[in-house]
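Report on the following structure.
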Amino acid sequence: GAMTTVRREAFGRMPPEEGGGEVEKFVLQSDSARVEILSFGCIITTLETKDRDGQFSDVVLGFDTLEGYTRKHPFFGAVVGRVANRIANGRFTLDGKEYQLFLNNGPNSLHGGAKGFDKVLWSPQVLPNGVRFFRLSPDGEEGYPGDLKVWVTYTLSGRELAINYQAQTSKTTPISLTNHSYFNLAGQGSCDIYDHEISIEADSYLPVDDTKIPTGEVAAVQGTGFDLRQPVELGKHLQKFHLDGFDHNFCLHQGQDRRLVARVFHPPTGRTMEVHTTQPGIQFYTGNNLDGSLKGKGAATYPKHSAFCLETQNWPDAVNKPHFPNVLLHPGEEYNHTTWLVFNTA
């Protein structure tokens with residue numbers, strides 16, 4: 001039962017002003033999961049998993065057509081880079097040279113800039129149990145230094161989806177890649193995530209200023225609403241601690257090895273999702289900016305708190321915070337991180 005099949009099909013064409021290239025969809029299927037991924041933005045458009053009765057449901061937010069993804073949207077399912085999350089004032093200094101990025105999130109640069117990795121076509125290669133996407137991000141793209149070669153590989157085995165990121169650069173550059181899927185284990189289009197139980201294996205988190213940039217403090221979760229080391233029911237927890245939602249980096253135990261960092265359980269369906277990673281941080285986001293205005297798959301609307309993201313990545317603004325984990329990739333080195341999403345029932 002460990003066989004994965006991979007199918008490729010046409011999904012649409014880019015608009016003429018974007019070069020009109022063909023966008024393909026890759027369907028990865030095992031006995032317990034089905035994943036659909038585009039060559040545009042490496043976007044996961046569909047992720048179907050079983051509930052405790054064996055019924056499949058799609059648990060990620062997204063659109064039915066390519067047009068939804070080429071228009072403005074909150075990074076549904078996409079790979080974001082060259083640097084995920086926020087860089088303060090869109091500025092950093094490397095080897096005495098200052099770099100200025102596009103400001104697309106108030107005073108800050110977010111998720112790679114005006115046209116990040118989520119808004120470009122990648123070159124696909126079909127693998128026996130998945131698909132690998134490649135692109136060259138040219139020197140100076142979105143203000144970043146160096147020709148950066150990037151490979152993103154999705155593989156499905158049974159109930160486990162692995163996402164591997166590799167990169168090499170010609171000049172020293174910051175890099176932090178993640179996938180920005182929005183999940184609802186009740187099935188996409190369900191109205192909220194308040195009945196989900198979540199735990200995150202983190203002893204500390206990063207407090208942020210009012211533009212969501214980390215203050216630089218690494219704060220203990222102990223005794224705060226950020227202590228998610230034991231599972232909490234999300235709705236009750238937000239009420240108890242008077243939180244509008246989460247959009248924070250949780251600091252993970254450092255190391256190059258795979259480790260379990262987060263678990264989500266949805267009692268009504270029995271679905272569970274585990275996140276394992278080699279990354280130093282995980283951004284937990286509860287869809288605070290969703291407002292019901294986007295028409296999603298099957299005419300679903302996506303109101304506030306109707307999905308969560310668990311984005312494995314380096315710590316936000318690490319390029320400007322020397323005491324944060326290293327975010328710089330040098331020529332001759334390889335950036336190599338993997339995140340595993342494991343779907344099960346309990």
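Quick reminder: no glycine exception, Cβ is built from N, Cα and C everywhere.
Feature annotations, reproduced from TrEMBL:
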- Asn85, Arg86, His180, Ser181, Tyr182, Asp247: beta-D-galactose binding site (BINDING)
- His180: active site, proton donor (ACT_SITE)
- Glu311: active site, proton acceptor (ACT_SITE)
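The two recorded residues, Arg86 (beta-D-galactose binding site) and the residue listed as 'active site, proton acceptor', have Cα atoms 13 Å apart. There are 24 other CB atoms within 10 A of the CB of Arg86 (beta-D-galactose binding site), with all protein chains counted. Long-range neighbours of Ser181 (beta-D-galactose binding site) (same chain, six or more residues apart, CB within less than 8 Å of its CB): Ile44, Leu47, Val60, Leu61, Phe76, Gly77, Cys309. Cβ neighbours of His180 (beta-D-galactose binding site) (same chain, under 8 Å, six or more residues apart in sequence): Pro74, Phe75, Phe76, Gly77, Ala78, Val79, Val80, Ala84, His111, Asp118, Cys309, Glu311. A simple way to gauge crowding: the CB of Asp247 (beta-D-galactose binding site) has 16 other CB atoms within 10 angstroms, across all the protein chains here. For Tyr182 (beta-D-galactose binding site), the same-chain residues 6+ apart in sequence whose C-beta sits under 8 angstroms from its C-beta are Val60, Leu61, Gly62, Pro74, Phe76, Gly77, Gly287, Tyr302, Ala307, Phe308, Cys309.
Across the residues annotated as binding beta-D-galactose (Asn85, Arg86, His180, Ser181, Tyr182, Asp247), the two Cα atoms farthest apart lie 18 Å from each other. A simple Cβ count within 10 Å picks out one of the recorded positions Asn85, Glu311 as the most packed, and that one is Asn85.
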